[in-house]
Every structure is written in C-alpha cells, then in structure tokens.
Amino acid sequence: ALCPVLLKRATFLPLSWQCFRALCCKGPPPARPEYDLVCIGLTGSGKTSLLSKLCSESPENVVSTTGFSIKAVPFQNAILNVKELGGADNIRKYWSRYYQGSQGVIFVLDSASSEDDLETARNELHSALQHPQLCTLPFLILANHQDKPAARSVQEVKKYFELEPLARGKRWILQPCSLDDMDALKDSFSQLINLLEEKDHEAVRM
C-alpha cells in the first residue's frame, strides 16, 4: 500500500503535469508577419510624431526627419517596418529612390495646411499613386492635425485630392487622425494591415 504522502502526491500528479505542460510545452507563439512600408508627406505633416507615438516614444524628443529613418512599429498581428522619408523640397525629388521593396504606402498630409501646401501634397500623392513601384500597393492616406480649427474634413480632402477617380481599382484608405486620438490612428493601421494580409493571400493563391 502507498503511504499517505505518496498517495497524496499521486493524486495531484495529473494536475501538476497539466500545469507543467501548459507552461513548458506550449511552444513559442507564431511569428508575426513583417511588412516593409514607405511613409511620405510634406515637412510638417506630422509623419515623425505619429510614428513615434505608435512606438510609445516621447513626443518631446521628436526631430523632423531630414533624410530618412526606419522604425519597427509593433502591432498585435504584425510588425510594420516603416521607412519614413523627409518631406523638404530638396528631398522629395529623391523619394522614388527609396520605393523599391515597399509592400505598402503611408501618405500623411496636414489637413490644416495652407492652400499652397495642400496643392503640393496633392501633386506628390498623385505622383506616388501612379509610380510604377507603388501603383499596385495598398495606400493608407492620413489626414492629420484634425484637432486644429482649420482642419479640412475627410470628405473635403477626398474631393480636393480627386481620390475617387485617381485611385479607382487601387487598395486605399483615407482616414482622419491626430496625436490626441491614438485609438483612431491604431484603427487606421489595422485596416492597412488587413489590406496587406489580403495582398499576401492573393500572392499565395497565384
């Protein structure tokens, strides 16, 4: 006969074994897919601040990008490796040199900017949407600075930028955003990740 101590251990062994298996035999979680994106927009549109906020970095340390920078932006179901390009006049003409290898595009515009800057942003977006290396990729267009009194609505931006005719047949999302509404910003990126996953699945089927 088993002694009481051994009997007690034998009684609880299955439960202990289950706990051990749950803790130690689960295996690593599946790796999150990674996507390489390019982020463009004029200087002052808020590209750097938005990406820094998504990476939980202090906004006080944000410095406007003059050349380009790369950030790994983590989400629950994907990691976005975002190559942010500076938006100054003397840098924009070199944007296309950095498009290769991109799987998606983020275009940030200042929805409260002057008419001249908005016209420039419109021309740059049109150029990007029609560029051979970007024209088939998913686009996330962020109408930033919605917290400013002069901000134009998404409908005004869509009409002014002529997005409906220009982007017909393309995968694109136009969303309002500001640093004050991180939930809306994260939702915008979740929609972009969905488009990237759809494109992945299509490539597998082909």
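Placement of Cβ uses the backbone N, Cα and C atoms for every residue, glycine included.
According to TrEMBL, the GTP binding site annotation covers G41, L42, T43, G44, S45, G46, K47, T48, G87, N144, H145, Q146, D147. Within its own chain, D147 (GTP binding site) has S178, L179, D180, D181 as residues 6 or more apart in sequence whose C-beta sits under 8 angstroms from its own.
Among the features that TrEMBL reports, Mg(2+) binding site is placed at T48, T65. The Cβ of T48 (Mg(2+) binding site) has 23 other Cβ atoms within 10 Å, all protein chains considered.
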Taking residues G41, L42, T43, G44, S45, G46, K47, T48, G87, N144, H145, Q146, D147, which bind GTP in the record, the widest Cα spacing (Å, whole number): 22
Between T65 (Mg(2+) binding site) and G87 (GTP binding site), the C-alpha gap once rounded to whole angstrom: 8
Per-residue Cβ crowding (10 Å cut-off), top of binding-site residues T43, S45, T65: S45
